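According to Swiss-Prot, the protein carries these features:
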type	residues	note
BINDING	17, 43, 51, 87, 362, 369, 370, 371	FAD binding site
BINDING	113, 158, 159, 160, 161, 202, 203, 214, 369	NADP(+) binding site
């Protein structure tokens, strides 16, 4: 027989790991005769979905379609969404831990890794976190306004985010106009000043973090040549590539195809530069050029391959630098934080030293993997959580009206709280705005507009 009382679960963060955790909690409760649950999801923005909305590139609608799974979870009567509420500002972690049976932190990695080189802060040098947020209409970044009038951009990093940034910079804006790219970004891209994007990676082709699909699709961008100097692949045998794994083997095959391509007159260019590190960014009041250093690969005693500076330098004119060398988790006030791993220390998802606080996603394991990686990660944490709930004292902790009191408490702390109904109003407005133009939606780019439409 199912018990009459309910375990109240809070999930802080509404990205993929948060929604996967919510779905896992609800599914586990369905399979249990001992546990009833109610899930409250708390989000700092008025909009849910995390990086699916504000991180996935606009020209990748298939990846964004996972939001349909999240919508299905949100329809469960045991689930509630509360947006525009910031943990550490409006409410504290200790207050959540006191009012909920369990709190799951799915806050991701909200900052970027710095290059730590001279000139990094010059106007025209921007973190990929900011640039991606800007073209995806994240309200925290809509005023960034990067100058895209120059002819050359340098993207530093050899992961998928670097490829996303490159595609947005080089793709015809008339193509992007049918996506959900932010209107302000589309207008900034329309003059098409950028003619060349140079992708710089400190290690070699065997050490890149690209997925093959993203690497290959660069060749499909109309009016753009993808160029790789054959010398950069010298010494890489089929055996070397195969030993590095399936994805790397396929990537090397794609890169080899790019080495034999002949540039076409009038085409824009994407140029790969491996074994190259940024040394200094120069310019008078803005980015004008970047000093690049040539590297060689060395293997340490533990078998790890690292890039070593050879001392050779080159100065390359550039007007835009996008730093895409990784994300960083940031501390949540009131919770432990490990600066070396940029995660919240945990054991099987349970926050170390805590009775009822848990973590999922990037803040649990670091910023690695793709969206789907978070599904198993979240499930593992929920398994730990459900075991703890099953072993807890089976007496009622809160009253029957606790859900109502939680909603009242949140509204008291944040009078501009966004509920599921408010988000649905935003969603309808954005979709309706996009429909006449053949776009999936036109995103509202700032907090005031989101709240105005949401609250009606």
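Cβ coordinates come from backbone N, Cα and C, glycine included.
For the pair residue 362 (FAD binding site) and residue 113 (NADP(+) binding site), the Cα-Cα distance reads 14 Å.
In this structure the C-alpha atoms belonging to residue 371 (FAD binding site) and residue 159 (NADP(+) binding site) are separated by 14 Å. The DSSP secondary structure for residue 370 (FAD binding site) is coil. When the binding-site residues 159, 369 are scored by other C-beta atoms within 10 Å, 159 scores highest. Put simply, 113 is the one of the binding-site residues 113, 159, 161, 203 whose Cα lies nearest to the Cα of residue 87 (FAD binding site).
In space, 370 is the closest of the binding-site residues 43, 51, 370 to residue 159 (NADP(+) binding site), judged by Cα positions.
Around the Cβ of residue 87 (FAD binding site), the number of neighbouring Cβ atoms within 10 Å comes to 23. Per the record's binding annotation for FAD, residues 17, 43, 51, 87, 362, 369, 370, 371 show a top Cα-Cα distance of 26 Å. Here residue 51 (FAD binding site) is compared against the binding-site residues 113, 161, 203, and the shortest C-alpha distance is to 161.
In this structure, residue 51 (FAD binding site) is part of a helix by DSSP. Remark: residue 113 (NADP(+) binding site) has 323, 325, 326, 327, 328 as non-local neighbours, by Cβ distance under 8 Å and separation of at least 6 in sequence. Taking the C-alpha positions, the distance from residue 43 (FAD binding site) to residue 161 (NADP(+) binding site) comes to 23 Å. Within the group of binding-site residues (17, 203, 362), the Cβ with the highest number of other Cβ atoms inside 10 Å belongs to 17. When the Cα atoms are compared, residue 161 (NADP(+) binding site) and residue 370 (FAD binding site) turn out to be 11 Å apart.
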